[in-house]
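Trainee: First, the structure itself, so that you have it in front of you.
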Amino acid sequence: MTSPLLISLASCLVAVNQASLIGRCDLAKVLHQEDLDGFEGYSLTDWLCLAFVESDFNITKVNENTDGSFDYGIFQINSHYWCNDYQSRTENNCQVDCQELLSPNLLAIINCAKKIVSGAGGMKNWVKWRLHCAGRPLSYWMTGCHLA
């Protein structure tokens, strides 16, 4: 579902010095627009906390792991299991090129994250979410954000 909000958000990100950071409330709006609030039992605050602890809201973050795989994008999705980086062995369960997970419109990474969360373990698949977000009060992540 491509929306005018996603298109305008992508335009803003590209226009500001090729910025790769997205604001917390802007991300909340996109996630809400893409129906992630309540998806598989996780709230927008879970998704915001995940994005912060994994990437500090950096859409284009890439991190190399000790096993030679890479983590991509705002949710740091791993190339060994979820996307094809053409560098390391991959299962490519999301059937997507890893570079697409760095796109400012966020659709590819949101769709892949939904697939991950829909499977066994849900958000527990992200170690940093388990350590820093799970079971904690997270309502402050939405402070000052207006979704309408």
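A Cβ is built for glycine as well, from the same backbone N, Cα and C atoms used for every other residue.
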Trainee: When you check Swiss-Prot, which of Cys133, Cys145 turns out to share a disulphide bond with Cys25?
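Mentor: Disulfide pairing in Swiss-Prot: Cys25 with Cys145.
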Trainee: Which of these links to Cys94 by a disulfide bond in Swiss-Prot: Cys112, Cys133?
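Mentor: Looking through Cys112, Cys133, the record in Swiss-Prot gives Cys112 as the partner of Cys94.
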Trainee: Please list residues from the chain of Cys83 (disulfide bond) whose Cβ is under 8 angstroms from its Cβ, counting only those at least six apart in sequence.
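Mentor: In sequence order, the residues whose Cβ lies under 8 Å from that of Cys83 (disulfide bond) (at least 6 apart) are Tyr72, Ile77, Thr90, Asn92, Cys94, Val96, Asp97, Cys98, Glu100, Leu101, Cys112.
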Trainee: DSSP helix, strand and coil counts for the domain 'C-type lysozyme' (20-148)?
Mentor: 56 helix, 12 strand, 61 coil
Trainee: Do you know which of the disulfide-bonded residues Cys49, Cys98, Cys133, Cys145 has the most other C-beta atoms within 10 angstroms of its C-beta?
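Mentor: Compared across Cys49, Cys98, Cys133, Cys145, the most Cβ atoms within 10 Å surround Cys98.
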Trainee: Out of Cys25, Glu54, Asp71, the recorded positions in the record, which is closest to Cys133 (disulfide bond) when you go by Cα distance?
Mentor: Glu54
